[in-house]
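Annotation comment: TrEMBL describes 2 as active site, nucleophile. Look at TrEMBL and you will find 602 tagged as active site, for Fru-6P isomerization activity. The domain 'Glutamine amidotransferase type-2' feature in TrEMBL is assigned to 2-217. The annotation domain 'SIS' is assigned in TrEMBL to 283-422, 455-597.
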Ligand code: F6R
C-alpha cells in the first residue's frame, strides 16, 4: 500500500526521494509524487502510473530543494488520477499519507461550513485543508499539525512539510508504521526501514500515537498523551545489496530460488545444536497449558495456518480454529480459557490481522505471532513473536515468506507434540532429521523449473483453472490457485478433492485444466479416483506427484510433474515450489507484471 518518504538533507533531495520511492514500489501503487522546498517555497511533481513517469517528468521539469517528501499511492478514495495523487497541498502545507481518514466526510462538511472547498476525491486532502485553516488562525506549523491530528479518526502515517520551514518535517503515526532515520546532519522518514536502508542504518520506530518533530539535527517525539518520550535508536541489518534481483529477471524468481537457504536459516535458528530438539529462544511458552489454538491471518498466510492446523491436530492432538482475519475481527468469537491466539503475517502490518490480535489481547491466555518483520506492529504487540527469517520479500506474491511461515509453524507443532507427549523423543528427532534434509529436497524441486515452464506455457492459453488436493494438499491447492490468479490473472479456484462431486465437477470440460497435487500418501488413491472422474469428462489433468505416484497414475494426464519424495508431513513445504513456479512461468508467458501485479499491495495496511 502507499509508501511514504521524507528527507531533510544536505544536498538536492529529488533524486534520493525517487530512489527511496523505488524501494517502496514493492508495496504496490498506481501513482507517485514528490514535493520539495526550494528557496522556502513548496513545489511538487506528480505522475499517474509507474515511477518511471515521475522520473521522466522530473527530467523535463526538475525540482530543486534540500527538503522534501514523497509518496507512492495505492488508491483507496478516488481513482488513480493526477489530482488525487499525493503530495496534497493546501497553500503553505504539503502532506503525504498512508492509511484511511475515516471521518473525512465529517471533516469536509466542517471545512465546507467555513467556506473551504475540496478539489480532490481523497480523504487525505482534508488533512492539508485543515492544517492550512489552523495556520491561518495563527497557529505555528507544529501546533497547526497537532490540532489537525487531534481531529483525525482512522489509520495514518503522515508527513507534513511547510512553506518557509526548510528545517522542519512533522511525522505522525497511528495505525500505519513510520521509521525515522538518523544521518549526519540529515534526517529521513520512511514507511519502512527498506526505504531508508541506503541512507542510514540507524532508525527510530515511532509508536502508535506518536508525533515527531524532525529537524536536521533533532528528533522530538511526543506520545499519544502528549508527553515527550525517548524512543530507542536501533541499528538495522538491511543492506543495500539485499534489495536487488541478484541476476534474476524478477524479485519473485529470486525469492523462489532463495527458499533452500532461508528455510535452512530458519531451521538453524530454531533447532538445538545436535538438531534433535526445537528451541524457542527466550520463551516460557508451555504447550501443556494450552487447550486450544486460534490461528488468524489473511491470504497466503491464512493458507499457512490451514496447513498448520493439520500439523497441530495430527502431531500434537491440539484442537485448532483457523480464521480469516477480516471475518474473525467482526464476528467477535468467544475465546475460551486456555486459548492461545496465533497470528501469522509476513509484513506484520496487515490491518485486519492486527485488529484481530487486538481483539484477542485481553481474552486469550497468550498472544503469539509468526512474522517476517521484527519491528512490525504485530510482532511488537505479541507476547511472543517468532521470526521466520525469510529476509525482505519484495515480490508482491508471497513465496519464501510462505514456506518460512510453514517451517516455523511446523517446528512449533513438533514442539507442542513433544511437550504434550504425543510424540516421543525418537519420533521428534526422526522428523527433525527429515526436516533438516528439506532444503536439499527443495533444491531438487527447483530443478523442475524447465518442466514447469513448459506446463505453464500450455496453462497460459486458458482463462480458467481448477486446483484440487486432499489433506495437507488442500491448503496447497488453495495457495496454488491464489498464486496463479494474482500474478497471471487467470481465474483459478481450489477445492478439497472430495468436494468435486458436490458442485465443481459441473465446470469440467476441455477448456478447464485441473491441477492436482497428490504425493503418494495415505489419501493418494482417493485423489486418483477424483482425477479419473475429471478425465472421464474430458478434463485436462496436470498431476503433480512423486515417483511412486507417477508409477501408478500417469495414464491419460495432460502434464505429469514428478517431485522428489519426502516424509508425508513435509509435503506442503515441497509442493509449494511447483505451485509458485507454475504461477510464475504462466505470468511470464502472459507478459504480466510479475512483481507488482495490478491492483495488489504487498502490505495491506487498510481494511
Ligand atoms: C499472496 C499474498 C497475500 C498475503 C496477505 C497477508 O501472495 O502475499 O495474500 O499473504 O496479504 O499478508 P501478510 O502476511 O503480510 O499479513
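The count begins at 1 with the first shown residue.
Just so it is clear, glycine is given a Cβ too, placed from its N, Cα and C backbone atoms.
In the structure as shown, the Cβ atom of residue 602 (active site, for Fru-6P isomerization activity) sits within 10 Å of 25 other Cβ atoms.
Counting only residues at least six positions away in the same chain, the Cβ atoms of 27, 29, 71, 72, 73, 74, 86, 96, 97, 98, 99, 191, 605 sit under 8 Å from the Cβ of the residue listed as 'active site, nucleophile'. The domain 'SIS' (455-597) scores a mean pLDDT of 96 in the predicted structure. Under DSSP, residue 602 (active site, for Fru-6P isomerization activity) is assigned to coil, being neither helix nor strand in the three-state scheme.
In the three-state DSSP assignment, the secondary structure recorded for the residue listed as 'active site, nucleophile' is coil. Applying DSSP to the domain 'SIS' (283-422) sorts its residues as follows: 63 helix, 28 strand, 49 coil.
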